[in-house]
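Written below as structure tokens is the structure these notes are about.
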Amino acid sequence: MTAFKSDFMNVLQSRGFIHQISDPDSLDALAAKGEVVAYVGYDCTAASLHVGHLLSIMMLHWLQATGNKPIALMGGGTTRVGDPSGRDETRKILTYEQIDANKESIKGTFSKFIKFGDGHSDALMADNAEWLTKLNYIEMLREIGRHFSINRMLTMDSVKLRLDREQELSFIEFNYMILQSYDFVELARRYKCNLQMGGSDQWGNIVTGVDLGRRMGTHQLHALTCPLLTTASGAKMGKTAAGAVWLNGDMLAPYDYWQYWRNTEDADVGRFLKLFTLLPMDEIERLSKLQGAEINDAKKILATEATALMHGREAADKAETTARTTFEQGGTAQDLPSVEISRGELDAGIGVLVAFAEKTGLVASNGEARRQIKAGGLKVNDAPVTDEKMTLTATDLSSDGVIKLSMGKKKHVLLRLA
């Protein structure tokens with residue numbers, strides 16, 4: 001293990017954030033003096049970031065916590081093009097209105113992890129639409145494009161993998177790495193930025209930006225990537241059978257976010273405590289040694305600490321209490337995720353397949369609902385569903401005015417009268 005001088009590099013190394021660094025000694029020296037200005041770019045392809053983005057956000061947090069300056073770069077410009085990295089097909093082109101709406105929805109996430117302001121290490125937020133949308137095409141080709149080798153661009157994973165699979169790569173996507181590289185140069189000129197961070201799939205684009213900066217006469221630029229995380233079983237972080245694990249509370253309830261972390265595989269608990277919480281390392285080492293049933297205590301701490309960072313301590317504690325009430329005490333917690341239904345719907349009767357598939361999304365389809373019923377996996381008010389033609393009516397309402405639907409032991413939704 002490399003011995004670094006700076007707190008920033010030591011924290012990243014001890015917690016498992018470092019995958020590749022372009023010039024470790026030079027970057028370490030800058031960080032030791034509090035002179036690193038680093039950015040991570042986030043394209044606005046959805047109304048929320050997801051758990052897969054958390055690694056880079058946590059790196060921005062630790063950068064600031066160790067006295068250096070973070071920049072959160074909104075991809076208002078690059079989203080109009082679409083990043084081909086890790087994609088098997090061309091991204092859907094969003095309207096400018098959709099991009100702007102997504103950008104506004106995403107912005108609030110960062111203030112949970114970093115402090116914005118005018119101080120030395122205070123974070124700033126930038127938007128590459130500010131300079132990319134003003135580029136003149138001919139000038140871009142002359143001043144920027146001449147520094148890029150098509151031969152080298154064709155060797156980049158984001159391009160090469162698509163071509164090797166004989167999958168279409170549009171000209172607009174091919175230009176993405178040029179725009180990302182120019183972002184680095186522009187941030188260097190405007191804000192003295194000297195480091196770009198990102199996932200390991202971005203290494204090629206980032207070092208291309210480092211090279212462009214050298215060719216265009218900026219100060220020395222640096223690259224640092226974190227691993228692309230998968231779980232111990234090989235699943236991609238941030239994805240579940242039900243879809244993406246969103247960070248915005250209006251797209252994924254804090255309770256469901258808590259449950260995502262609570263369901264962490266045993267082999268991942270120690271690693272995730274290092275990456276996704278602010279707990280001190282000695283406490284993490286203690287929790288990582290727990291075995292058998294005791295490891296569930298570590299999982300609850302992981303879930304509560306990760307949820308507190310994203311949604312606040314009150315929401316995290318409420319989620320933990322809801323889980324305890326639901327699973328350990330056998331109750332129907334009012335803080336479970338809920339879906340409103342009308343009195344008219346209930347009076348007419350709601351088919352159990354519709355309730356589980358369409359109303360609550362506990363299952364993906366009517367077919368899956370039927371399979372779960374046969375396997376004994378669906379329950380209404382804690383009673384197994386045995387008849388796929390069952391209809392929910394007002395008689396199924398509890399004294400609290402809700403109907404509890406469950407799939408397995410850990411997925412629950414309440415139907416609540418509007």
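Every residue gets a Cβ built from N, Cα and C, even glycine.
Annotation note: Tyr39 (L-tyrosine binding site) sits in a strand segment as assigned by DSSP. If you look up Swiss-Prot, you'll see Tyr39, Tyr176, Gln180 marked as L-tyrosine binding site, on the strength of sequence analysis.
Note on the motif ''HIGH' region' (44-53): its mean pLDDT in the predicted model is 95. Taken from Swiss-Prot, the feature motif ''HIGH' region' covers 44-53.
Swiss-Prot lists 236-240 with the feature motif ''KMSKS' region'.
Swiss-Prot lists Lys239 with the feature ATP binding site, giving sequence analysis as the kind of evidence.
Taken from Swiss-Prot, the feature domain 'S4 RNA-binding' applies to 350-418.
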Enter the number of other CB atoms within 10 angstroms of the CB of Gln180 (L-tyrosine binding site).
-> 28
Tyr39, Tyr176 as binding-site residues, winner by CB count within 10 A = Tyr39
